[in-house]
Each structure stands twice: as C-alpha cells, then as structure tokens.
C-alpha cells in the first residue's frame, strides 16, 4: 500500500494540471449577451449650440445701452437679450443689467426661458429696511444708496477748509435753521485789522462773531455724467455760490446723442469712431410739451465701432427759454457740447463709485 499512495497523488495532480491547461488554451467567446440601458430621449429638447462654431464675419451692431457679449456656446458675439426677451443656452441675458434666464415657464424641458431681473438683497439701517437700489437720506448730512445688501453714502455737507491765516481763531459752529456746521471767525483783537482780506474790504474787528458766509470760500463741484446715454437726461452739481454761501444742488438738462439716429452709419470708411455728430438743420428744443423760443443747431457726441465710448470734452451751460401752449414760459439750464473725445473708460452714469477710478490715459483718446 505504501507504494500505491504516492502514485495516486501524482496521478491526481497531473489530471488537475491538464484541466487548467485546457481551460487556458480554449478559445475566448466571440459574443457577449447583455441588455443595453435605454437611452435618454433628447428629441423633445432642442439643441441651440452647434459645433464647430459658425459665426458671421463681423459682430452685430447693438442698440445703445445693449451689451455686446459672447453667446452661451462660447462661439460668437451677440447682442445680449433684454428684460422680457426669450433666452436659451445660446441667447443669454444681459449680465451688465443684472438679468438672468428664468426657465420656470418651460417645464419639463427647461429649454426656452424669459430674461428676468435679479432681485438684489435689501439693506437695514437703524432698524429701517430699504430695497435694493433705493436712495434715501438717513439724516440731512448724508445721501445713501442700498446696493445689494451694502449701504453706500455720500456727504451732503462740504468739508471746506478753515478760514485763511488772517482769521486767528476759526471754529465750526451750528447755525440755526441749517443742517451742516459752518466756519466762523472769532477775532479777539480789540483793534482794527492791519491787513484786511481783499474780498471783504477793510473793516474793524471788535471781537464779535461774524458769520462765515461773509468770508465764503466759493466751491462748485464738477457736473455729474448725464443720466442717460441717449435722449434727454439730467446732470447735477453742488455749489455754494449764492447769497447765503450755502451748498445747493443745481441741475441742467443734457442730451449726449439722439436715440432715433443710427450714428454708426455716418462713420467714414476706414474709421472706427465719429467723435461729434451735428445735424444739418436747426431745431427747437422741446420739454414737457413746451418749445424753445429760438432754434439751435446743437452738437452731439458720436459712437465707435469698438469698445470705446464718446463723452463731452469741451462744453458749457446755456439758458434756454421755453414757451408753453397755455402761454406760460420758463427757462432751464442746458448742456451745450462743443467737442467730444472717445476713450476706453466708459463708466456707468449710475455708478456712485466711478469717480474713484483713474482718469483715462491720453493714449486712449481718439478725436
């Protein structure tokens, strides 16, 4: 029996090895049986993007106030869709106007939407809630605006410098009936001044407190940008050039360019900008149904084919008299444009922080 056991083990081992070798050398199956997963039906959802991109040779000309952007396919330039327009994955809404595409009305495809306004976050100041974009005055010294949860304020009281050296003891005091403090000159001398300022004349200083408006330092801020890029708008400034030496807001009418004239068609061949546009015929200004008593031939700022914008470079303010159908008349200050220049620093008239940016370099100017 002892010699029979090793022989049996050797035979079993050889048989197992033959089975493994036969399995390894057997041909692999040529087909596999499986059930594919059902594909998603996309026929009901249109495809708005096509690849490769097919773009027109030149970008479109957008109306004034409409952004020229890259479409949602990241292919071509397009005029952004505006509030209430239809939008898709290709035709996107104007991001510079805070618009987004609302697909809620196209369930369940969610393919075509409508451009809607993004509702910004309101603000709370001293327990009072303000809406996004709302301007308000928490007190008589500041004018504030709520901007998406943040409050930005501009002072209404001018931080003028103290009186000149001839006023030995200047101090700020509260004047009854006025919000902002004013400088007064308190002179302790009991004798006449040796050197009186030229703009006030010679007078005796007897120790009394004289109102600072008698020593008024005239200040006038620059005019703000026109409130509209085309058509009739308003610009404002602050000035204390008045009998009370009190800062007051002044306003004037402005019209940078007409909305109903396509100035792009007037740009000469080979040029990219038309800095100034002037109609050939004179016209009368109209305001609230009233007509100016005389005709004018105003100049307007033009437009560019690229990303530059044209703004007034030399201008002045004129008084225009209006006559109404009922016989009443009035006059208004109006911006009169003499020259314009075109540059890359296009700023939003509603941006209260635009003045913090640097002035455009002269290399960007194109007359």
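The backbone N, Cα and C atoms fix where each Cβ goes, and this holds for glycine too.
Features reported for this protein in Swiss-Prot:
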DISULFID  49-73  disulfide bond
DISULFID  53-75  disulfide bond
DISULFID  55-76  disulfide bond
DISULFID  62-79  disulfide bond
DISULFID  87-101  disulfide bond
DISULFID  93-115  disulfide bond
DISULFID  273-310  disulfide bond
DISULFID  290-324  disulfide bond
DISULFID  301-340  disulfide bond
DISULFID  304-342  disulfide bond
DISULFID  309-346  disulfide bond
DOMAIN    45-118  domain 'IGFBP N-terminal'
DOMAIN    121-186  domain 'VWFC'
DOMAIN    215-260  domain 'TSP type-1'
DOMAIN    273-347  domain 'CTCK'
CARBOHYD  86  N-linked glycosylation site
CARBOHYD  143  N-linked glycosylation site
CARBOHYD  284  N-linked glycosylation site
CARBOHYD  343  N-linked glycosylation site
SIGNAL    1-22  signal peptide
I need the nearest neighbour of residue 73 (disulfide bond) among the recorded positions 53, 86, 93, using C-alpha distances.
53
By a simple count of other Cβ atoms within 10 Å, which of 62, 87, 93, 304, 342, the disulfide-bonded residues in the record, is least packed?
62
Show me the subset of 101, 290, 310, 324, 343 whose Cα is within 10 Å of residue 76 (disulfide bond); these are the recorded positions I mean.
none
Could you put numbers on the helix, strand and coil content of the domain 'VWFC' (121-186), residue by residue per DSSP?
0 helix, 32 strand, 34 coil
For the domain 'CTCK' (273-347), residues assigned helix / strand / coil by DSSP:
0 helix, 43 strand, 32 coil
Residue 284 (N-linked glycosylation site), Cβ-centred 10 Å count of other Cβ atoms over all protein chains shown, is 13
Average pLDDT across the domain 'CTCK' (273-347)?
86
Of 49, 75 (the disulfide-bonded residues), the residue whose Cβ has the fewest other Cβ atoms within 10 Å
49
Restricting to the recorded positions 284, 301, 324, which ones have a CA within 10 Å of the CA of residue 310 (disulfide bond)?
301
Validating a neighbour-count step here. Other CB atoms within 10 A of the CB of residue 101 (disulfide bond): how many?
20
Go through 76, 310, the listed disulfide-bonded residues, and name the one with the sparsest Cβ surroundings, counting other Cβ atoms within 10 Å.
76
What does the structure give for the C-alpha distance between residue 93 (disulfide bond) and residue 143 (N-linked glycosylation site)? Integer Å is fine.
32
In the three-state DSSP scheme, residue 115 (disulfide bond) belongs to strand
